[in-house]
Ligand code: ADP
Ligand code: MG
């Protein structure tokens, strides 16, 4: 069978899939070529071996000197060993590089991807792609490509050498080889499919396991450990089931293959004995032929193993490329016009010398946005402006679109219609990074990043000095807490040593330290106590004197002190004004405030004490 046949006999789409795999291999094709040359050289040496053995036998029967043939054998052995070693190292290195490339590209992709489509995938699954699928790529993208070609060449070479020795015996062998090959070609795709299913189940397991471990407290209190555990293990069992099925098929395939070759060898012995006794071939030819027959298993094994790893590698490559297809964040448009006129710091923070001191900093004109094409609009034709200074509070029932407004400002989401401008420049002409450079943001959930307290505080502004760090800690009333820690600012911020409210305050301190043009707070004080809240309100007011602050507010104190309030309902702005104006004009606002009043003078959701 010619080397290309395995690929050529597979259907068209699989060829396209091979291209996906090839895209990972292409950068390393030189090294792979070297690997191929070494492999072919090794095969040639292997093919020469039985012929030298025949030479030894012929020399013995002619009573000549054995020195030369033995020397040749030793030589073949030496060169073969060195070639094999080199080949192994070259391919192993390429394999690791392919894996590293794939991981690099995935990790970079995850961080550059548009937020909404990325967050739609379970993070555990994304992790599985980068950790375990890339491993499957390893063999497929290096040794299996080589093995496929080399195995084919070795197989053809062996058959040719057999033909040179004796055509009749070749006939006997060829029929066995044909049966084995046909068997493999029919069984291998099924084996690959089951392996792919096993890997898919593993990805699903990663997704659920990750989500469950995050919510482990809720899981335990709900006494759902067993239930959830077996639900997750369903995926593991599914994976094992496919794995077992694949093993069974492989076992059958191999047994038949070994059996086939074994029978072929018996047949060769039988037919060969007849031909030797009738004097048609010398014994040395039969011995050499048998040696070839014994080594026939090597290329057959190599071929089938490489087909299997190639198939699972192709599947892994496809899964990797699939998550790589998550759309990227938009880039700044309009490269022909003058570069974006927005400086890194807008006028407000420079003391009001910026362009158009009187004009608003941020403007939304007729903005409609949805989270997926065809989904209900999360915002519908919204107009709003954020001045350079002062505190804008957004209030409204949950689901009204408050977080969506912040997501649009931060370009986590792009408007479907309408226009957003920063200091007069349309967002479209700016990159998301340029836009975000003007903001600090305290998000609604999980507002801390992995690392120590200090790393968290310095996250937005790595260059900030110790003094400033101390000042913002003081502003959020965390100095005492941090000083009480043995390692102080260098304490790792894991879940146990900080309560939810303290984590919120760390996130807020980080945002204050960033001294942004716009500070965005999304329910950032939902878990803090009344005293801390008062302190935070004071520092928000201070911040509002020098820059813009937009809060999604849920506390009466925050709302009352805001310079302007936007009341949102059902993806639109229902009313705007000061607290007094809205109290007078709007029934929904009055209800909202009344409800806040009751909840805040009654029992307040206070800070949960630290878990440890
Ligand atoms: P809130 O005022 O409570 O902050 P949001 O802005 O989060 O409201 O949500 C507005 C609407 O958009 C809601 O109907 C919500 O279901 C929907 N929505 C919010 N986030 C997403 C998301 N990531 N994917 C799909 N829909 C979302
Ligand atoms: Mg929200």
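Just so you know, glycine gets a Cβ as well, placed from its N, Cα and C.
In TrEMBL, the region 'Disordered' annotation falls on 326-359 of the listed ranges 258-291, 292-325, 326-359. Looking at the stretches 65-89, 90-114, the one that TrEMBL records under the feature transmembrane segment is 65-89. Record note: among 251-275, 376-400, 401-425, 426-450, 251-275 is the stretch given as transmembrane segment by TrEMBL. Checking TrEMBL for transmembrane segment across the ranges 10-31, 32-53 points to 32-53. Residue ranges 145-165, 208-228 are listed, and TrEMBL annotates 145-165 among them as transmembrane segment.
Of all ranges given (171-192, 457-478), TrEMBL attaches the label transmembrane segment to 171-192. Beyond the transmembrane segment (251-275), the same-chain residues lying 6 or more positions past its ends with a Cβ under 8 Å from any Cβ of the stretch are 166, 168-169, 172-173, 175-177, 179-180, 183-184, 187-188, 191, 281, 286, 289-290, 293-294, 296-297, 300-301, 304. Beyond the ends of the transmembrane segment (65-89), by six or more residues, the same chain brings 35, 38-39, 41-42, 45-46, 48-49, 52-53, 55-56, 59 to within a C-beta distance below 8 angstroms of the stretch. Long-range contacts of the transmembrane segment (32-53) within the same chain, counting only residues at least 6 positions beyond its ends with a Cβ under 8 Å from a Cβ of the stretch, are 25, 69, 72-73, 76, 79-80, 83-84, 86-87, 90-91, 94, 142-143, 145-147, 149-150, 153-154, 157-158, 161, 287-289, 291-292, 295, 298. Long-range contacts of the transmembrane segment (145-165) within its own chain (CB-CB distance under 8 A, at least 6 residues past either end) are made by residues 1-7, 25, 32, 35-36, 39-40, 42-44, 46-47, 50-51, 54, 91, 173-174, 177, 281, 285, 288-289, 292-293, 295-296, 298-303, 305-307, 310.
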